[in-house]
Amino acid sequence: MWTFPVEYDVIVIGAGHAGCEAAYCAAKMGASVLLLTSNLDTIAKLSCNPAVGGIGKGHIVREIDALGGVMAEVTDLSGIQFRILNQTKGPAVRAPRAQVDKQLYHIHMKQLLEQVPGLHIMQGTAEALLDDGEKVLGVSTKEGWAYSGETVVLSSGTFMRGLIHIGTQNFSGGRLGDAASLGLSKDLKRLGFPLGRLKTGTPARLLSSSIDFSIMEEQPGDQNVCFVHREEAFVPKLPQVSCHITYTTDKTKDLIANNLHRSALYGGRIEGVGPRYCPSIEDKIVKFADKDRHHIFIEPEGLNTREVYVNGLSTSMPFDVQYEIIRSVAGLENAVITRPAYAIEYDYIQGNVILPSLESKILEGLFLCGQINGTTGYEEAAAQGLIAGVNAVNKVLHRPAFIPSRQESYIGVMLDDLTTQVLDEPYRMFTSRAEHRLLLRQDNAGMRLSHYGHALGLLSSERYAMFQKQKNCIEHEKERLAKTFRKYGDSIVPLTKILCRPEVSYQQLLTEFPEDVKDWGPIIGASLEMEIKYSGYISRQQTLIRSMEKAENTLIPEGIDYHSISALSLEAREKLSKFTPRTIGSAARISGISVADIQVLMVSLKKDAY
């Protein structure tokens, strides 16, 4: 087998969202990088929904930007609708989401990658890893040649032994229209990696000209929403479009109930476990039988196509049943299908075989990121790609691994969860997974993480200076407003106390006290308002973090009867009894154990003087 005459610092296998981020970041750090993909025309392809962000996910993309990654920039360049979700709820759960033009997203990502010095993008299909039994040495390809590398980042997506299901029909594929990867699974088994099966799915695509939008609810975008941190208000590069909302009907329920045996999922033909929080329409009908109808979102796939994505109608039903189900939905009575819905099973690596750096415990120098680790979602994959790419370079340079903590980032929450829990279903990020989410808002990602990005060489000095300016400005202004007293009602109070009132916004404070309050613009003003309004809660969370850090290594005595601690949640009592953790820290990392449970446990240990 011929070996390519260049030895790379980092070889990245797969150019999905994890692979692109890994290759980009590794090359930006000065490494020589090979990005190996089976098809150059599907780089960063949005295989499922044409959107980036959302609850928890939008926070991750903002963190990627704060660290110097690329996903946020490509999203802003490709966005055709931007929104803030949960606007009526607290600041911790507000999150940006963008509809993107699928084709432009691919084009912009490919263009950005092509401009990075030291990054070689090559079409080829990885067939096996090269190793000496202990350390990875490179990769061999299906085409018959090999590449040598100090480290390898494997981001295989849904391609490892991918099996597509449409009703009773199934066939090999990494996604519809693309071949599966068969060799890598076999090779990972050879090396001793435990493989399992997971499942995901995608709905049909329809022709927009065949849809009756007049009976649907229009869902326009919001102003001044973006993913890249900026000093000025954001103006989208592309024309902006609306999404639309419709609903299933009684006919939809009847069609699914009568054909459930023909579903690949319910017919017993799918072995893998699907994502709990992204169920198929047949799953919804079965598990939520009491609901009369379900939301369906019609989302444009791009500006230069009439195809739309039918969010909420994912299914593995046969095509003839899909046809009837789609036409049972209000406004879709005459819908023309352009691509069928399908489910896909794929291999992932089971068990706790990765370090928090995302390096494999089994083969030195091999880093794993994305769906191969059991996650689902573009954003989760991209964040892992950034961490894997950075740490592959750190490995080559003999530097310590970069591992952000769960107290300072959603990326840290995910890394901790992936390396301390055994996943039995696809992992998706939600704000509820973070114990200190008020500290991890999407608006303060730059202030939390930009110093890491700058130190790693990913974030330019200019952008780092912008983040520092914003941080210093907010800290200084908080202090100044706290020392500025004015009459409000019958009392003389500091301006911070006035702003803490729920009905008072920073803009109102600026209008009422123009000589005392500075206009820092909408971006800094919004962050400043949140920092002041929620200062009490933020302070308590910071105190709790310090307390938890102090208690991390506190021993839990053997034989403790968790069922006797009535203040613990039922789930906590069951799981603590099952796993019998030795320390408070290990107890806190068990899936389903909340911060409140840990606090109850700590109080109980002190009270009973174990």
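Glycine residues also receive a Cβ, built from the backbone N, Cα and C atoms like all the rest.
Taking Cβ-Cβ distances under 8 Å and a sequence separation of 6 or more, the neighbours of Ala15 (FAD binding site) in its chain are Ala23, Leu35, Leu36, Thr37, Leu40, Thr42, Ile43, Ala44, Ile121. Residues or ranges marked as FAD binding site by Swiss-Prot: Gly14, Ala15, Gly16, His17, Ala18, Gly19.
In three-state terms derived from DSSP, Val286 (NAD(+) binding site) belongs to a helical segment. Shown in sequence order, Leu260, Tyr266 are the residues of the chain, 6+ apart in sequence, with a C-beta less than 8 angstroms from the C-beta of Val286 (NAD(+) binding site). Residues or ranges marked as NAD(+) binding site in Swiss-Prot: 274-288.
DSSP classifies Ala18 (FAD binding site) as helix under the three-state reduction. Listed in chain order, the residues near the FAD site other than Gly14, Ala15, Gly16, His17, Ala18, Gly19 are Val12, Cys20, Glu21, Ala22, Thr37, Ala44, Ser155, Gly157, Gly370, Ala381, Gly385, each with its Cβ within 8 Å of the site Cβ centroid. It is 37 Å from the Cα atom of Phe288 (NAD(+) binding site) to that of Gly19 (FAD binding site). Each of the binding-site residues Ala18, Cys278 was assessed for Cβ neighbours inside 10 Å, and the highest tally belongs to Ala18.
Within 10 Å of the Cβ of His17 (FAD binding site) there are 33 other Cβ atoms, across all protein chains.
Cβ crowding, taken as the number of other Cβ atoms within 10 Å, peaks at Lys284 among the binding-site residues Arg276, Lys284.
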